[in-house]
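K.L.:
Quick paste from Swiss-Prot:
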| type | residues | note |
| --- | --- | --- |
| ACT_SITE | Asp173 | active site, proton acceptor |
| BINDING | Glu32, His33, Thr34, Asp35, Tyr223 | substrate binding site |
| BINDING | Ser66, Gly123, Ala124, Ser125, Leu126, Ser127, Ser128, Ser129 | ATP binding site |
| BINDING | Ser129, Glu161 | Mg(2+) binding site |
| SITE | Arg26 | site 'Transition state stabilizer' |
Amino acid sequence: MLQEMHKKFESLFDVKADVRAFAPGRINLIGEHTDYNGGYVFPAAIELGTYGLASKRTDRIIQLYSNNFEDTGIVSFTLDELEFNEQHDWANYPKGVVKYLKEEFNDINQGFNILVEGNIPNGASLSSSASIELLTGWLIKQLFNLHLERLQLIKLGQVVENKFMGVNSGIMDQFIIGMGKAEHAILLDTATLDFDYVPAKFGDYVISIMNTNKRRSLTESKYNERRSECENALSQLQQQLEITSLGELSLAQFEKYQSLITDEVVCRRAKHAISENERTKLAHKALADNNFEQFGQLLNASHKSLKEDYEVTGIELDTLAETAQQVEGVLGARMTGAGFAGCAIALVDKNSIQKLEDEVSKAYIDKIGYAPSFYHVGISDGVKAL
């Protein structure tokens, strides 16, 4: 892929690339919709991701091109035109990174050319947007020799999502893409950003990624609505509790005080955030103890909560996860990512992978009318120069 990208770069921009980098995508093993509630998450970076090449220019023009969106052509603007532009589509993500990096580093005083190509399926909820954000930051870091720490770039990526793109997401995606480590997941406390690397070894089992192949736009989904509902629950609980996030409560504490929340729907949203936080801590222990059966049961319980209490699954994700849960050799399955579409994951015996794919595909085609896709990918390092 890189050899072809170098040729494409020269034909597009008439110069050779100076630097190149890779940023992975991610799966979240468990801990869904907990990152903006001050809870724990348990993600891993994956070998699917985004590759990028870049070269400096002598003027102030920035030119961006994606092999994944060839119809868009070269997106061009200057260092003085760093505002969101709907017509610039995917290029708003790198543009946002440039905007906030430029505010922190005076060294960014020249334009540059960037070519990107990703192999994360579009709309799969495997964090292609955070991948391109951190990739852009790492390319610019190399081009201008910036003293840019990983955590600094991670936080900047979240600012791009929140302020530039208008999605009130938490920090999980950027964190795992910035800090990922091959063959390890990260248990991250999103309240403090304390984290542990945890070997992601499942013995005779593997994680299978199952894609609904239904497109979802995060900004237009109910993501922001769910966050607002959780903030509503928190403010009602704060009438009697000195807490700053739902992640500070145990399930037992929540059950004691849940009557403070007047709206039944809002109460269920909070119940998910708090119960999912407990499941994530239990899953960490289960994996450390090689208790894969319990890990699988926690995946199933997570999906049930996301379906019934948080209501972010939908018929496509439910069909994938619930069919997979019934397949012999599968210990557990759940949706991963923001929900509404995208992917589910299953913990499946290596000898049952084909059985899983056959049975889930048949059920999915029967109910939804088109086929899902399946991926088996290794766990990767975080963003890096190549």
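Note that Cβ sites are derived from N, Cα and C of the backbone, with glycine treated the same way.
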K.L.:
In the three-state scheme derived from DSSP, which category covers Asp35 (substrate binding site)?
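P.N.:
Where Asp35 (substrate binding site) sits, the three-state DSSP reduction gives helix.
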K.L.:
CA-CA, which of the binding-site residues Glu32, His33, Thr34, Tyr223 lies nearest Gly123 (ATP binding site)?
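P.N.:
Spatially nearest to Gly123 (ATP binding site) by Cα position is Tyr223.
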K.L.:
Please find which two of Glu32, His33, Thr34, Asp35, Tyr223 have the most distant C-alpha atoms, given that the record lists them as binding substrate, and give only that distance in angstrom, rounded to a whole number.
P.N.:
12
K.L.:
Is any of the recorded positions Arg26, Ser66, Ala124, Leu126, Ser129 within 10 Å of Asp173 (active site, proton acceptor) (Cα-Cα), and if so, which, in sequence order?
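P.N.:
Of everything listed, what lies within 10 Å of Asp173 (active site, proton acceptor) (Cα to Cα) is Arg26, Leu126, Ser129.
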K.L.:
Considering all pairs of residues in Ser66, Gly123, Ala124, Ser125, Leu126, Ser127, Ser128, Ser129, annotated in the record as contacting ATP, what is the maximal C-alpha distance expressed in whole angstrom?
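P.N.:
Between the most distant Cα atoms of the ATP site, 19 Å.
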K.L.:
Find the one among the recorded positions Arg26, Glu32, Tyr223 whose C-alpha lies closest to that of Ala124 (ATP binding site).
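P.N.:
Out of the listed candidates, the nearest Cα belongs to Arg26.
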K.L.:
Near the Cβ of Glu161 (Mg(2+) binding site), how many other Cβ atoms are there if near means within 10 Å?
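P.N.:
Glu161 (Mg(2+) binding site): 23 neighbouring Cβ atoms within 10 Å.
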K.L.:
Considering only the recorded positions Arg26, Glu32, Asp35, Glu161, Tyr223, which fall within 10 Å of Ser125 (ATP binding site) when distances are taken between Cα atoms?
P.N.:
Arg26
